[in-house]
Amino acid sequence: MHTHYEEPLWQHYEFICGIDEVGRGPLAGPVVAAAVVFPRWFQPTEALLTLLNDSKKLSAKERESLVPAIKAQALHWALAEVQHNVIDEVNILQATMLAMNNAVKALPIIPSLLLVDGNRFTTDLAIPYKTIVKGDSHVFSIAAASVLAKVHRDALMCVYATHYPHYGFERHAGYPTSAHIEAIRQHGRCPIHRQSFKLRQLGEKV
């Protein structure tokens, strides 16, 4: 992947920020967002960065190898987490918006333009933005944000797995696999589970 999408925009915007999130679907843990700004007119000359794509299309090893390259080449990057209890309070959509906005606010600069993966974004920031469906497959800065968010969240869930070993978080990162649902059936929910995410498989009213 290259910066073909950003190139015409750089004529008008100096600091273009790609934003993506991971963790909307899991039954446990936080939603994590990343914001990445590459230098104006950046071209990925490092061979590793040309492999950059939607994090879901990369292996865990590929994602992890990309993280130091992204951080080294980016002008700025930031991560933000919104925890399970906040997700239960405000709903997953609002929690996702909060995470993405907080990632932008954590940057040391004010971006000129936000490029957001997906088709929906709300913000109180006075920054123009574009939503891009499948942006993590087409836009370099969004793909970079996707990788940073995914690797960060997977690492968090591996830490949680040591505290709550019955659930296999290190294998499924909290997503509703059959093994995860069976673990909830046997052991109940643990403190990092999203209480508002109900399961038909357990006879819960959705």
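Each Cβ is built from the backbone N, Cα and C atoms, and glycine gets one as well.
Database features, via Swiss-Prot:
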type	residues	note
BINDING	D20, E21, D117	divalent metal cation binding site
DOMAIN	14-206	domain 'RNase H type-2'
For the binding-site residues D20, E21, the one whose C-beta sees the most other C-beta atoms within 10 angstroms: D20
Neighbouring C-beta atoms (10 Å sphere around the C-beta of D117 (divalent metal cation binding site)): 26
